[in-house]
Amino acid sequence: MKYRDLRDFLSLLEEKGELKRITFEIDPYLEMTEIADRTLRAGGPALLFENPKGFDMPVLCNLFGTPERVAMGMGQDDVKALHEVGKLLAFLKEPDPPKGFRDLFDKLPKFKQVLNMPTKRLSKAPCQEVVLTGDDVDLTKIPVMHCWPEDAAPLITWGLTVTRGPFKERQNLGIYRQQVLGKNKVIMRWLSHRGGALDFQEWCQKHPGERFPVSVALGADPATILGAVTPVPDTLSEYAFAGLLRGNKTEVVKCLSNDLEVPASAEIILEGYIEPGELAPEGPYGDHTGYYNEIDSFPVFTITHLTRRKDAIYHSTYTGRPPDEPAVLGVALNEVLVPILQKQFPEIVDFYLPPEGCSYRLAVVTMKKQYAGHAKRVMMGVWSYLRQFMYTKFVIVCDDDVNARDWKDVIWAITTRMDPARDTIMMENTPIDYLDFASPVSGLGSKMGLDATNKWPGETEREWGRPIVMTDEIKQRVDTIWEQLDIVK
């Protein structure tokens with residue numbers, strides 16, 4: 001599924017019945033959240049609120065509200081095809097040189113895709129049709145959603161933040177929520193390990209006391225948005241990955257007030273700076289955990305320029321107890337992660353992050369066990385291989401006869417193949433999401449690994465149980481007469 005920008009993608013969704021235009025007057029204060037939440041839980045379409053109360057700018061919600069729409073946004077026909085995206089990322093992370101002419105021929109499609117990686121720089125762009133500076137910059141004219149009753153203020157949720165550290169050539173793209181402080185100021189909530197925060201930290205070391213340039217794109221094309229939340233290799237820019245997904249180069253334009261490049265087709269661009277040392281208390285906000293988070297201090301982003309399309313659309317979402325849009329994204333991106341893990345750990349059969357576990361706090365792994373202690377090695381690998389899993393609190397490892405995505409199967413393995421003392425690993429003082437108020441210290445907590453695999457010699461002195469399985473002959477015999485028995489309708 002190919003498209004050029006967000007509007008092109010919305011047209012494709014509308015053709016497929018995956019976009020609902022709402023002409024009723026709907027308030028960005030709480031009402032949009034309730035409507036979007038009910039729609040998402042029902043597996044409904046993306047929503048375009050064309051008449052937000054008090055504003056003349058439409059609001060787009062629930063864009064990635066189903067795994068199928070996430071797949072479409074990544075240029076794929078269905079969710080299963082996301083495995084191919086994962087295979088491509090695994091290849092780019094650790095490319096294998098061709099072993100011969102035949103292997104070279106087989107790899108040609110991947111090499112052809114790589115040709116779409118460089119960005120295309122434009123001198124004029126739709127995102128700069130309207131230019132506002134100084135006192136004309138006014139975020140209160142944008143219908144930023146106030147999502148939950150006890151939220152501190154309206155919250156920008158889908159802002160694609162563009163930064164560049166002083167020691168890096170490529171830009172970093174990240175999604176960080178931004179609390180609106182006033183007409184030209186927001187709070188940039190980025191965690192210390194995220195790319196934008198690391199760029200800022202390095203900038204402060206290299207240029208102490210100097211303002212750090214930042215730009216934020218709202219309403220970028222889906223491939224670029226999804227590239228920012230996908231585990232791309234550190235050597236690959238999110239713009240380059242978006243070009244791979246889209247099948248054509250990502251078009252960018254230089255910002256008016258700094259040297260950063262932003263998606264040319266975006267709806268709205270915020271340009272400005274972060275003053276080192278300028279912090280503000282952020283929150284509380286209802287979050288993907290299903291709770292309001294604690295108040296904490298983060299840098300203030302001052303906006304000097306606001307550029308946009310003439311008829312801009314504001315792209316937004318909400319976060320809350322799963323399922324929400326981030327949880328749906330997690331379900332889809334799970335399919336991308338599996339081939340990346342399998343490239344490093346070929347023994348892994350499947351990997352599953354249940355959305356009820358806040359998309360990353362609990363992982364279930366199934367594997368082909370080959371030796372005593374193998375499950376514990378895989379646990380350690382999951383925690384250390386990708387940054388995305390550094391906050392995963394629980395890792396459950398099962399044999400490949402268990403369906404990682406069937407909780408009944410997993411519970412059976414835990415209760416029949418585990419001794420709690422022998423088969424549980426506990427680690428203290430590890431990185432934990434600061435939103436996890438269950439940890440004893442903000443940002444620091446424990447992890448648990450559960451080895452629910454069959455135990456090998458050396459792991460137990462007991463004779464291990466044999467699973468009960470009916471013979472194939474009897475199964476086939478009953479299959480032939482099952483319908484005639486007329487037992488279950």
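Glycine is treated like the rest: Cβ placed from N, Cα and C.
Keep in mind that what you see is a predicted model, and the values were worked out from it rather than measured.
Straight from Swiss-Prot, the features:
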- Asn172, Glu238: Mn(2+) binding site (BINDING)
- Ile175, Tyr176, Arg177, Arg189, Trp190, Leu191, Arg194, Gly195: prenylated FMN binding site (BINDING)
- Asp287: active site, proton donor (ACT_SITE)
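Within 10 Å of its Cβ, the residue among the recorded positions Glu238, Asp287 with the fewest other Cβ atoms is Asp287. For Glu238 (Mn(2+) binding site), the nearest neighbour among the binding-site residues Trp190, Leu191, Gly195, judged by Cα separation, is Gly195. Cβ atoms within 8 Å of the centroid of the Cβ atoms of Ile175, Tyr176, Arg177, Arg189, Trp190, Leu191, Arg194, Gly195 (the prenylated FMN site) belong to the same-chain residues Thr161, Gly174, Met188, Gly196, Ala197, site residues excluded. Pairwise Cα distances among Ile175, Tyr176, Arg177, Arg189, Trp190, Leu191, Arg194, Gly195, the recorded prenylated FMN-binding residues, top out at 14 Å. Rounded to a whole number, the C-alpha distance linking Asp287 (active site, proton donor) with Ile175 (prenylated FMN binding site) is 14 angstrom. Among the binding-site residues Trp190, Leu191, Arg194, Gly195, the residue whose Cα lies closest in space to that of Asn172 (Mn(2+) binding site) is Gly195. Around Arg177 (prenylated FMN binding site), taking its Cβ as the centre, 21 other Cβ atoms fall within 10 Å, counting all chains. Comparing local CB density within 10 A for the binding-site residues Tyr176, Trp190, the maximum falls on Tyr176. Non-local contacts of Ile175 (prenylated FMN binding site) by the CB criterion (under 8 A, 6+ apart in sequence, same chain) comprise Trp158, Gly159, Leu160, Thr161, Ile225, Ala228, Val229. The C-beta environment of Arg194 (prenylated FMN binding site), restricted to residues of the same chain at least 6 apart in sequence and closer than 8 Å, consists of Gly174, Tyr176.
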